[in-house]
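Asks: Shown below is the structure under consideration.
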Amino acid sequence: MPRLKYASVVRVVVILGLFCLWLQIMLSASGGGMYRDGDDQVPLTANPLTEYKVTDVIVPYTEELMNSNDTSEQVLALVPPELHKYLTVHPKNSSVNSTERAVSKNLTEIRKAIQRSNEAQYIHNEDIYGPVQNDTIIIAIQVHTRLTYLRHLIVSLAQARDIERTLLVFSHDYYNEEINSLVRSIDFTKVMQIFYPYSIQTHPNEFPGLDPNDCPRDVKMQQAIKLKCINALHPDLHGHYREAKYTQTKHHWWWKANRIFNQLECTTNHTGMVVFLEEDHYVAEDFIYMLNLLRATADRSCPQCEIISLGTYLKTYQYHANGDKVDITPWHSSMHNMGFGFNRSVWHNIMEIQEQFCAYDDYNWDYSLLHLSQNRKNQEKFKVIMSKGPRVFHIGECGIHHKKSNCNASSVISKVQKLLQNAKPYLFPGSVTATVTAGGAKHNKKLTKGNGGWGDIRDQELCTNMTRIGRELRRYNYYA
């Protein structure tokens, strides 16, 4: 065969091969793409209003369990070997963002398991670390399905000084055996699990989940009335109808706070701090030390400071200059909602005007709390004493408000690890210097209206009813 003709044939073969490879990649991407946390797992041809049906065989509503096994060697190198167990993913769940393919409990069983656990109020490791005292620091952690982040939060908590003197309360709105196993494997302090009982998972095709007769989000009110959908008369301030996956977060936060302060037997006479964290937070080893130091500073210098904040959102960190500095300023939701805490006396103040929280048309719990703060009769807005050098960090790249194509947690965690490693000389300061500020325009701007998403009267009533549940005694019928 002439050389020129042979070369032409080779080129054709190569081009065809590359085309076939491209076609295969495109087909696999369109047919087997991974969902991200918070996305609805509904086929493109399905009707989301009718897809989720109650069945006695499997759970009709499942979410992505973010449980990747991609912790980098760089991250592991800075984690003590004895804590690697919290980062270990079992082989059957090692794929990125793997979904529960086989569901071990049906809907009825999950509801019963949640009821049993909530009634038992079981405290793991109580026999080792002793009972909850009135001044025990309670760390409340709100958990959804981002197990990858939760693993790293637990690792950071395990390295905190005096963690053994605390009670970790994990509050779940998704019942999952792998999450439960991880939480129950914690051996460095007392642990309790509480389960939000009005979740989308346990109410997949009825309120507070998605009722088939709910109005579509973007339908106009006149059209909604013609459709005779349930909530036609109650759009939000922007004219939209409720979305269960967004309202759940505010419901869960409010239920969790009510559960801890008003309902658990072990907190009947509790007067200590309750610190609020989320599954995608990461703590410094001196965060408990700083919490106590800020509390003592507030008692001496700022008795009107009701909230302590250990986290803030910064682009640059200068611990050599700010490691021992604190600000006293008006509390603002978007600046001081990470790693913040308060005690029962502040909770009583919140309870006095709780309707400001439940009736406010905003699906964000923190902005609802800000609205409440700005509408206290004959009282100033909440004041916060906050650490200028953060001791709590946000590591979540993907979730309900964060949609990124690359959800690899290792890169962000590695940055936080290195930051804290470099900050070591400035942690555990002997004292702090407080600066009182009036706050900027953002601190003092009065909210005129909310972000919406909370116009449905059913959401407002459910929120209000959560405050009417009284103290419950532990029932000793716990089953792991």
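For all residues, glycine too, the Cβ spot is worked out from N, Cα and C.
From TrEMBL, here are the annotated features:
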- ASN106: N-linked glycosylation site (CARBOHYD)
- GLN142, VAL143, HIS144, THR145, ARG146, ASP173, GLN248, THR249, LYS250, HIS251, HIS252: substrate binding site (BINDING)
- CYS215-CYS229: disulfide bond (DISULFID)
- ASP280, HIS394: Mn(2+) binding site (BINDING)
- CYS302-CYS305: disulfide bond (DISULFID)
- CYS358-CYS463: disulfide bond (DISULFID)
- CYS398-CYS407: disulfide bond (DISULFID)
Asks: Rounded to the nearest Å, what's the C-alpha distance separating CYS358 (disulfide bond) and ARG146 (substrate binding site)? Just drop the number here, would you?
Replies: 27
Asks: Based on Cβ atoms within 10 Å, give me the single least packed residue among the disulfide-bonded residues CYS358, CYS463.
Replies: CYS358
Asks: Sorry to bug you, but what's the C-alpha spacing from ARG146 (substrate binding site) to HIS394 (Mn(2+) binding site), rounded to the closest Å?
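Replies: Rounded to the nearest whole number, the Cα-Cα distance is 13 Å.
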Asks: I'd like to confirm something. Which of the recorded positions, ASN106, ASP280, CYS302, CYS463, has a Cα closest to the Cα of ARG146 (substrate binding site)?
Replies: ASP280
Asks: Which one is it: of the disulfide-bonded residues CYS215, CYS229, CYS463, whose Cα lies the shortest distance from the Cα of GLN142 (substrate binding site)?
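Replies: Closest recorded candidate to GLN142 (substrate binding site) by Cα: CYS463.
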Asks: Closest of the recorded positions to ASP280 (Mn(2+) binding site), Cα to Cα, picking from ASN106, CYS215, CYS302?
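Replies: Nearest in space to ASP280 (Mn(2+) binding site), counting only the recorded positions, is ASN106.
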Asks: Whole-number Å distance between the CA of HIS144 (substrate binding site) and the CA of ASN106 (N-linked glycosylation site)?
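Replies: The separation of the Cα atoms works out to 19 Å.
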Asks: Which value in Å gives the longest Cα to Cα span across the substrate site residues GLN142, VAL143, HIS144, THR145, ARG146, ASP173, GLN248, THR249, LYS250, HIS251, HIS252 as recorded?
Replies: 19
Asks: Going by Cα-Cα distance, which of the disulfide-bonded residues (CYS215, CYS302, CYS305, CYS463) sits nearest to LYS250 (substrate binding site)?
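Replies: When the Cα distances are compared, CYS463 comes out closest.
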Asks: Which chain-mates of CYS229 (disulfide bond) that are at least 6 residues away have a CB under 8 A from its CB, listed by sequence?
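Replies: The answer is ASN213, ASP214, CYS215, PRO216, VAL219, TYR241.
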Asks: When you rank ASN106, HIS252, CYS302 by Cα distance to CYS463 (disulfide bond), which of the recorded positions ends up on top as the closest?
Replies: HIS252
Asks: Say we define neighbours as other CB atoms within 10 Å of the CB. Which of the binding-site residues GLN142, GLN248 has the fewest?
Replies: GLN142
Asks: State which of the following disulfide-bonded residues has the fewest other Cβ atoms within 10 Å around its Cβ: CYS215, CYS302, CYS305.
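Replies: It is CYS302 that, of the disulfide-bonded residues CYS215, CYS302, CYS305, has the fewest other Cβ atoms within 10 Å.
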Asks: What is the nearest of the recorded positions ASN106, GLN248, HIS252 to CYS305 (disulfide bond), using the Cα of each?
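Replies: The smallest Cα gap between CYS305 (disulfide bond) and any of the recorded positions is with HIS252.
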Asks: Would you say which of the binding-site residues LYS250, HIS252, HIS394 has the most Cβ atoms within 10 Å of its own Cβ?
Replies: LYS250
Asks: Most Cβ neighbours within 10 Å: which of the recorded positions ASN106, ARG146 is it?
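Replies: Most Cβ neighbours within 10 Å: ARG146.
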